[in-house]
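Colleague: This is the structure I want to talk about, given as structure tokens.
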Amino acid sequence: KIRADHEKALEEAKEKLKKSRDEIQAEIQTEKNKVVQELKKKDSKPLPPVPLPNLIGINSGEPADLDIREKRNKIKEMMKHAWDNYRQYGWGHNELKPIARKGHSTNIFGNSQMGATIVDALDTLYIMGLHDEFREGQEWIDKNLDFSVNSEVSVFEVNIRFIGGLLAAYYLSGQEVFKIKAVQLAGKLLPAFNTPTGIPWAMVNLKSGVGRNWGWASAGSSILAEFGTLHMEFVHLSYLTGDPVYYNKVMHIRKLLQKMDRPNGLYPNYLNPRTGRWGQHHTSVGGLGDSFYEYLLKAWLMSDKMDTEARKMYDDAIEAIEKHLIRKSNGGLTFIGEWKNGHLERKMGHLTCFAGGMFALGADGSRDDKAGHYLQLGAEIAHTCHESYDRTTLKLGPEAFKFDGGVEAVAVRQNEKYYILRPEVIETYWYMWRFTHDPKYRQWGWEATQAIDKYCRVSGGFSGVKDVYSSSPTYDDVQQSFFLAETLKYLYLLFSNDDLLPLDNWVFNTEAHPLPVLH
């Protein structure tokens, strides 16, 4: 039999070699096309029909008060300005350079045009009632959003912006294309989990599935806020596909973290995916740590408060943070410092300001009847972050601010004086408004709106500024996708009634994409 097979193979080879080069190439092309078609079939097996969760409050929220309505309309106009300019000068690119009036991209999206601003902005357009713009975005996604590109992307950023954005757009609009694209993309992220520990790499090549970590991260480590900020989206993916693989990946990460020893009860920001050991013992509620804690709380909320394990992990973490990182300055400002090499650095980042909203969101259901305490803590953080805005020339907050000696809530280093249209302070104002209805939060939100419109608006969109303490700031010439996804959405919600995306029914991912509670 072996000899016969051998003879047959030789005959086929001889036949092949008689053909002209062009004929052979045509045959190869035909074979290739066949393989591609087969893969496509495999890729697009129809998703099981799942009941849509009961979606409440997706297009209401019109305030009765005329003044509030005018402010809300102003924010909608700013969104339209940002979108129209992106549409005109950056369409299909990840972001816009509003002054150079051309597309912009950063390494988190790899080297391909993936229309990040379109995907990130969809749900904001939808809740603002900008339905023509929404349809333009949907059409682009349907025709052009392709994930089989040879491009190395950030697993975390693509998850929160793309998968989060597509899922939210699907839940709000019911358009299947968003669900299909989200599932396709999720499949491209799964190879990142092929590590000895199951802790994913920071980056993955969408075509080859090869993963690696950021060169700058502690000894080849993965980052807590990156591998710890997948839970919400992956649980929804398992819900929509009926495939437990996504759920299992994130639960595996949780189980691994639960088993690990934590210095002072704090989670370090770095973990090595090869060895399963912590990297440097840095702990932060700002960049590198922030959304890990947020997703513990939100996993519990999204499960309709059934996932008590997540709630316990959140409560334990928050207790350690309060004990070791939260301090009051001499001037009476409550701030959250960073733990570095055994001591507390008295510096707080703009990113850390989201925590005020998190404490308020987690107040209900906290241990030992401490709900009032955590709402108060949220209010104190909101106040501190407002001070960081108020103590600048532009009334916009710096990237990071110190609490040393006589200097409080002010940036000291030149490279920390920039404002890049970030949402975290406004996010906290919105949560505090929802839980207290104290009018100062709307007042503070309006101050920020006016400052953004005055100092960040240019004729080609909105740009970040390099120095919030300078009366004639220079622009960084980037309109970040999160400005449309988060900053403008939180402002719009701050000036809407509470029946628009009520928090009992919706949980916002860390890029402000609302996902329904799964009862």
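Heads up, the Cβ atoms here are built off N, Cα and C, so glycines get one too.
OK, TrEMBL features for this one:
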ACT_SITE  Glu157  active site, proton donor
ACT_SITE  Asp290  active site
ACT_SITE  Glu399  active site, proton donor
ACT_SITE  Glu424  active site
BINDING   Thr510  Ca(2+) binding site
COILED    3-41  coiled coil
DISULFID  Cys353-Cys385  disulfide bond
Colleague: Out of Glu157, Asp290, Cys353, Cys385, Thr510, point to the one nearest Glu424 (active site) in space (Cα versus Cα); all of them are recorded positions in the record.
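Modeller: Of all the candidates listed, Cys353 is nearest in space.
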Colleague: Can you figure out which of Glu157, Asp290, Glu399, Thr510 (the recorded positions) comes closest in space to Cys385 (disulfide bond), comparing Cα atoms?
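Modeller: That would be Glu399, the closest of Glu157, Asp290, Glu399, Thr510 to Cys385 (disulfide bond).
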Colleague: Within 10 Å of the Cβ of Cys385 (disulfide bond), how many other Cβ atoms can you find? Include all protein chains, please.
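Modeller: Its Cβ has 28 other Cβ atoms within 10 Å.
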Colleague: Out of Glu157, Cys353, Glu399, point to the one nearest Thr510 (Ca(2+) binding site) in space (Cα versus Cα); all of them are recorded positions in the record.
Modeller: Glu157
Colleague: When the Cα of Glu157 (active site, proton donor) is compared with the Cα of each of the recorded positions Asp290, Cys353, Glu399, which one is closest?
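Modeller: Going through Asp290, Cys353, Glu399 one by one, the Cα closest to that of Glu157 (active site, proton donor) is Asp290.
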Colleague: Under 8 Å Cβ-Cβ from Cys353 (disulfide bond), six or more apart in the same chain: what's there?
Modeller: Ile381, Cys385, Ser388, Gly397, Glu424, Val425, Glu427, Thr428
Colleague: How far is it from Glu399 (active site, proton donor) to Asp290 (active site), counting Cα to Cα, in Å?
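Modeller: Their Cα atoms are separated by 15 Å.
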Colleague: Give me the count of other Cβ atoms within 10 A of the Cβ belonging to Glu157 (active site, proton donor).
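Modeller: Around Glu157 (active site, proton donor), other Cβ atoms within 10 Å: 21.
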Colleague: Fewest other C-beta atoms within 10 angstroms of its own C-beta: which of the active-site residues Asp290, Glu399, Glu424 fits that?
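Modeller: Looking at the active-site residues Asp290, Glu399, Glu424, the Cβ with the fewest others within 10 Å is that of Glu399.
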